[in-house]
Amino acid sequence: MSLRQRPPPAHPGPVRPHPTPEEEAYNIIPIHNLLADHPSLRYPEIRGAAAALRAVGDLRKPPFTPWRDHMDLLDWLGAFFGFQNDNVRNQREHLVLHLANAQMRLSPPPDNIDALDAAVLRRFRRKLLKNYTSWCSFLGRKTNVWISESTRRESDRRRELLYVSLYLLIWGESANLRFVPECICYIFHHMCMELNKILEDYIDENTGRPVLPSISGENAFLNRVVKPIYETIRAEVGNSKNGTAPHSAWRNYDDINEYFWSRRCFEKLKWPIDVGSNFFVTNRKGKHVGKTGFVEQRSFFNLFRSFDKLWIMLILFLQAAIIVAWERKEFPWQALEKRSVQARALSVFVTWSFLRFIQSLLDAGMQYSLVSRETLWLGVRMVLKIVVASGWIIAFGVMYSRMWTQRNKDGEWSPEADRRVVHFLEVALVFVVPELLALTLFILPWIRNFLENTNWRIFYLLTWWFQSRTFVGRGLREGLVDNIKYTLFWVVVLATKFCFAYFLQIKPLIAPTKALLQAENVKYEWHEFFSNSNRFAAGLLWLPVVLIYLMDLQIWYAIYSSFVGAAVGLFAHLGEIRNMQQLRLRFQFFASAIQFNLMPEEQLLNTRGSLRSKFNDAIHRLKLRYGLGRPFKKLESNQVEANKFALIWNEIITIFREEDIISDHEVELLELPQNTWNVRVIRWPCLLLCNELLLALSQAKELVDAPDKWLWYKICKNEYRRCVIIETYDSIRHLLLAIIKSNTEEHSIITVLFQEIDQAIQIEKFTKTFKMTALPQIHAKLITLLGLLIKPNKDINKLVNILQALYEVVIRDFYKENRNIDQLREDGLASRRPVSSEGLLFENAVELPEDNNEMFYRQARRLHTILTSRDSMHNIPTNLEARRRIAFFSNSLFMNMPHAPQVEKMMAFSVLTPYYSEDVLYSREQLRTDNEDGISILYYLQTIYADEWNNFLERMRREGMVKKDEIWTTKIRDLRMWASYRGQTLTRTVRGMMYYYRALKMLAFLDSASEVDIREGSRELASMRQSGSVDGFSSDRSPSTRSLSRADSSVSLLFKGHEDGTALMKYTYVVACQIYGTQKAKKDPHAEEILYLMKNNEALRVAYVDEVSSGRDEKEYFSVLVKYDQQLQKEVEIYRVKLPGPLKLGEGKPENQNHALIFTRGDAVQTIDMNQDNYFEEALKMRNLLEEYRHKYGIRKPTILGVREHIFTGSVSSLAWFMSAQETSFVTLGQRVLANPLKIRMHYGHPDVFDRFWFLTRGGISKASRVINISEDIFAGFNCTLRGGNVTHHEYIQVGKGRDVGLNQVSMFEAKVSSGNGEQILSRDVYRLGHRLDFFRMLSFFYTTVGFFFNTQMVILTVYAFLWGRLYLALSGVEASAAVNNADNNKALATVLNQQFIIQLGIFTALPMIVENSLEHGFLGAIWDFITMQLQLSSVFYTFSMGTRAHYFGRTILHGGAKYRATGRGFVVQHKSFAENYRLFARSHFVKAVELGLILIVYAAYSPVAKGTFTYIALTITSWFLVFSWIMAPFVFNPSGFDWLKTVYDFDDFMNWIWYRGGVFAKAEQSWEQWWYEEQDHLRTTGFWGKIFEIILDLRFFFFQYGIVYQLDIASGSKSIAVYLLSWIYVVVAMSIYVIIAYARDKYSAKEHIYYRMVQFLVIILATLVIVALLEFTRFTFVDAFTSLLAFIPTGWGFILIAQVLRPFLQKTILWDIVVSVARTYDIMFGVIIMAPVGLLSWMPGFQSMQTRILFNEAFSRGLQIFKIVTGKKSKVSDS
């Protein structure tokens, strides 16, 4: 250590003259001034890296800039190539920090510690330029990095530095081009060449002078390289019409990037960049470069195109299964014995070739626009594929028919027919050759990787037919072991699915199908258009079964993955410590576990990573985990380990107290007290010692006559009992001697007494000398004594009395032999004074310590607790969150994790959080303002977190608060912080992330502290506690400074000063507050709060985009980084890098992340969202996590480390609980299975840690193209997998995460995710993964990303198919003919219905939930949770959210319209109005539910099956449940949803909204019409096919009329088509009446009201006459009037929907007003239908309180009832 900490040398090279104040501002280390007094500069590595950069030597100086002595290589590059000065400064620090950190990690350390090590630089250069070199190799170009890998020269080091610096400078100034990594490679390639020419002193042929770069001058790089490409991207984004134009009409980031994947970029773009190139043409006319690499077309066929292998498998199996099942044998192999069945089964090849043909047609149809002059071969291949595929269809078709003609000619399977079968098989073999080849390569994955990664022309030619040559997606195969693991998983899943499908779905349907097809005399109830239409009925019978067959792999995946996930979790030792009891059992191994995992080991250099060391580790972990070898024995001898453990543990407890999740009393019970009072054993927390002393006493009483050894042996069986006895004994001795004046007789008596006891113990005669039976008396007296001592007012007389009584008991009853007074005096156990002279014993001998001796009284309280506690304290700490955190932390210490390196040797990392304008800190107004129910946020938080509120008040009182109302004055900042830490605010996130910094400082101290430091430090802390100057037990510091210095923990008082420097070098936190500049300018309170956060958090940096006006209407944009300077006490600007234009071209969040990424540092970057939190005890494990980058997982090292999340919003309401339970199982069990065994984890959540340099050279940590990348995060995972990265998942560390808590927020979130998935299906990434991954990984990929949403939609489609099919069968009369209703058919249908019901109940989500819960919290708890959830109507919620997903997913694929939805992160205690719910859910749920309800009612009326009530219920209960959920969920989960008054107000509000006309500027919230137009937005952007498909779907509503008209009495059983045609008269009449009345109203109602009334009167008279005439002269009955409503209302709705699609044509005609008016009527009708059940439930008593109980947790609902009573009383009082 001494070598590293020497002072910096006096002059490390030329020092820059006194820097001006502008240069003073630095980010982390002042590189411009290496003599500054900064803790980081004591590291020789930093000076070494800086010196290497200064070694400009004999390089040719740049011609147009004055060269100064202090300039370095980066300045040199900046001057030559025209980089910005701040970019140069930023990258200088970036490079120096990285190289210094990398050099610190070298082991063994290099010989010359002051110089930059060549190996470090070489490794960094290879990593940074890896993507560039593979790009060169892919394009067949030589790289321009001229460094020989074999020989090493000194000049190479400078050259290497220049290359990496050049790359970083290009990257640092590329702005939005960072999303197009291969474009950066292109720029680097050419600039590198120019750099080489300068270095090699080339002469320019034209001028005869030394070569100069083609671009140079101020900001030349930005203006001449970045800007042209940026402007092109910007123009293309303009073409996208704000994301509404089809994706195929404009080039997104990916298209721009993929232009650089072909050699044409060199020919067309040239260098310096030729702005005249067709690349820069952005309008559609002329020679522009169109889409490159892929065209995103909006169509459901993308699912088939991307995952064709999966659909081919499912379709072929279905066909084969039907062919085999048709024989109706019991088992399939029995049927397959027949030759004809075998021959029929061969027809799957015809289907297969047909599917290939469809695939090639789709390829051509969707990708034709890629073909241009430059890419002709692509077109050739498309055409050839179609020709070949049709050739196969013809070949198979001809062979198949020849085979059967021969068989039918011969009447049996003759040898000739058999020969034709063999011919067919030979052709089939040729057809499947490619598949066999793929299978071979699947079994030998490394061969495939080799073939794909080598860029030999021959391999390219061989694979040309099968796939386009792309730069990504090569060599994705995993190693053999992983291959076997996920193959096994999928083989089992597929086997289960196919068995289930065959026996329970397909086979039972065969009999009813045959019966239906053979049925002759089916009596149809309506006009038949086609004869023999039984086939259609059979098709309808099969439809729901086929749909479920296509989706149920999802269910099987969910089931198996749950159990596999649980098994993986078990092996990872998750959930071994679930509660405090289990913690007590393990606590004694804790110190060793912390030492083993969190403290670095001084390992020999060569043993790291060797097999032997791994084996020793495994053994050591076993010992730790199961307490073998009793490691705590070692603890007492190893005091340093114990002290380190105590420091860490107490720091965790202190932070718990700061967070107010435990009380002061609990701190005393939980902390490990420092070793004072000369106690000889480890002093475990009181929590563990409770009750142990009493048990020991009872043991002593039982074993009265036992010898010492036996008694002690029994007691030592329990470690805590042994410790508690020794501690109590030592403490009582110390206490008695402390409260009695020394040099008194009493003092010596007590000393002698303890000497005798010690003597007896030593010679093992304790039980012989003393009576064990007297111990309880002594115990009772000691309790009284301590009780008196710890009281605030101490009564000395009582103390004297109790001491005398204690003395009596010991002398009289404790000793076995009675001694008289003389003997006692002789032995020194009695006073030698005469009785009368000085009063009684102890009378004047007691002297108590001062009241401010906190330590003494703290120990006394501890001793009192130990003596008195009788319960086992299982419920300490009382706060569930504190218990969960302690349990998780302690459990994680026994899991497998890499060893921690020293902080100096750990990898450096940053955290990046994008922020826009969310809450930073709740304001006083936000906390106090009541909502309409009179509930404020603060009241809400106080009831939900009641115990934490009390702890907060206790802390405030300790910090000087006297009256409670001071909380709104002097303590207002603390109060706002307390509330903000319980919301989803930036303050909470920043506090969580700054725990990393705090943890690193503490670990840095522990790494370097010697034994003496730690021992002395522990004592010092103990004595400081005594004087009360630590952790807020102080009163002398002013309250404000106390709260400011929250980050100064108790341990920080021991720091030596270098810890800050070390921690800063290893960690920075950048918050990308995109509009902070604008907020500052507007004096927005958010800006002040952000400044306050910077002021209190040293490692926090804020990056924002600054807009500066630079003339008329022109703006300049800058990326700015600021920090708070503690010396200057103000915010200072560190870097200001100019951008080529506005930041946001794509989606906002990724653009925001991207601009701030240049300011992050370190090897890794953790992406954290605004709704996250972190915990100190987890931050301690970060350096272990980063070591994972060194370990291989499979055949690759990880590039993304997945981290587990804990959803902290679960306690808010039942809805939040369902959401968090669902989310928790996804982020734990789901991710665990994806990472291992399936090897397909992407990047979903935010706490994932990215390998920073890997990602920054490959397009950054998210993708940003408009709309297509709306789910920006997951594309980082796609990109990572496609480029050969590896994503792992680690569960020994967790990060907190908040989720949405109200139904409207949850639905908006699900809408966003579903739309995002709809867009993903169109994306190139999904297509490439679907084709480039092997079959089984492709299955994993499909079912865990887009497939999940697609299958949710399939479930909803199944319900539709089932109900429409049933309606058809009922109305047509097929159902009445007995053919359909046999038992077999119902068996298959029951299977379908059960599966649908299982999904609806949320088994999809519930099973993983139950399994994960039982793993981590025990099986019974999990089952109980599940039952509670069902009682709180979780199934209603899951069914509802299934509808949300299906609606938005389907709509996005068909029509687009995906958009970012800001869900808001607030607390939801507010009642949402009916109008708001209607706006949000009308189209996605309500209308669909009404449609399904109508079908069910019509079915009930006309189906013969429905006459049997039980059958009807069995068939339709799941569908009714769906209808109920979709209509009622928004009201069940709406606070005060069934409040009668609110329901009445809501309905009035709804009607006002419907009729509000509003002007042009009316919002959707105000006017129905505006909302109605907004709901159709997606139809404006959809394409031609989308419109056609929408109209086809809308035609279903006309079926009601066709079916029901024939059932009316007026039809009198006629089957003629005339009946249907005549029924349209009714529609026309209704329409014309509506038009006449509307016309009359507009014309007369205002001025000549009498005419309007007359028109109404005439219409009514006419209608009455018509009805009377019908009743008189036809068979019309009154019932027909109502029945016909069921027929005609859907017709009208169908017309409206079609009119919406045709709006561009209709809008200008007179018809449009009618459409709008009718649509309004329909919405009123829907509103009334939905309001009816809600109104009824509100009117009935008791429902409201029941709903509150379902919705909120116990505390809050109880609080709410009390609150209402109180407010009621208040209002009465105020009224009176």
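From the backbone N, Cα and C atoms, a Cβ is placed for every residue, glycine too.
Look at TrEMBL and you will find 1-18 tagged as compositional bias 'Pro residues'. As annotated by TrEMBL, region 'Disordered' applies to 1-22, 1023-1044. The domain '1,3-beta-glucan synthase component FKS1-like' annotation in TrEMBL covers 158-274. Under the heading transmembrane segment, TrEMBL lists 346-362, 382-400, 421-447, 486-504, 533-551, 557-577, 1341-1363, 1485-1502, 1509-1533, 1617-1638, 1678-1702, 1722-1740 (among others). If you look up TrEMBL, you'll see 1035-1044 marked as compositional bias 'Low complexity'.
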Folded-back contacts onto the transmembrane segment (1617-1638), same chain, C-beta under 8 angstroms, at least six residues removed
526-527, 1601-1602, 1605-1606, 1611, 1655-1656, 1659, 1663, 1684, 1687-1688, 1691-1692, 1714, 1717-1718
The transmembrane segment (486-504): which same-chain residues, six or more beyond its ends, come within Cβ distance under 8 Å?
317-318, 321, 324-325, 332, 478, 549, 552-553, 556-557, 560, 564, 1237-1240, 1336-1337, 1339-1340, 1387-1388, 1391
Report the DSSP secondary-structure composition of the domain '1,3-beta-glucan synthase component FKS1-like' (158-274) as helix, strand and coil residue counts.
78 helix, 2 strand, 37 coil
Taking the transmembrane segment (1341-1363) as reference, the highest number of CB pairs under 8 angstroms among 346-362, 382-400, 533-551, 1485-1502 goes to 533-551
Considering every residue in the domain '1,3-beta-glucan synthase component FKS1-like' (158-274), what is the mean pLDDT value?
92
Contacting positions for the transmembrane segment (1509-1533) when only residues 6+ beyond its ends and CB under 8 Å are counted
1214-1215, 1302-1304, 1359, 1362-1363, 1366, 1389-1390, 1393, 1396-1397, 1400, 1433, 1435-1437, 1439-1440, 1443, 1472, 1477, 1480-1481, 1485-1486, 1488-1490, 1492-1493, 1496, 1499-1500, 1503, 1730, 1733-1734, 1737, 1747, 1750-1751
In the same chain, who gets a Cβ under 8 Å from the transmembrane segment (557-577) while lying at least 6 residues past its ends?
489, 492-493, 496, 583, 586, 625, 887, 890-891, 894-896, 1228-1230, 1232-1233, 1236-1237, 1291, 1343-1344, 1403-1404, 1407-1408, 1410-1412, 1414-1417
Quick test of the contact rule: Cβ under 8 Å, at least six residues beyond the ends. What residues does that give for the transmembrane segment (1485-1502)?
1359-1360, 1363-1364, 1366-1367, 1370-1371, 1440, 1443-1444, 1447, 1478, 1512, 1516, 1519-1520, 1522-1523, 1526-1527, 1529-1530, 1600, 1603-1604, 1607, 1683, 1686, 1690, 1726, 1729-1730
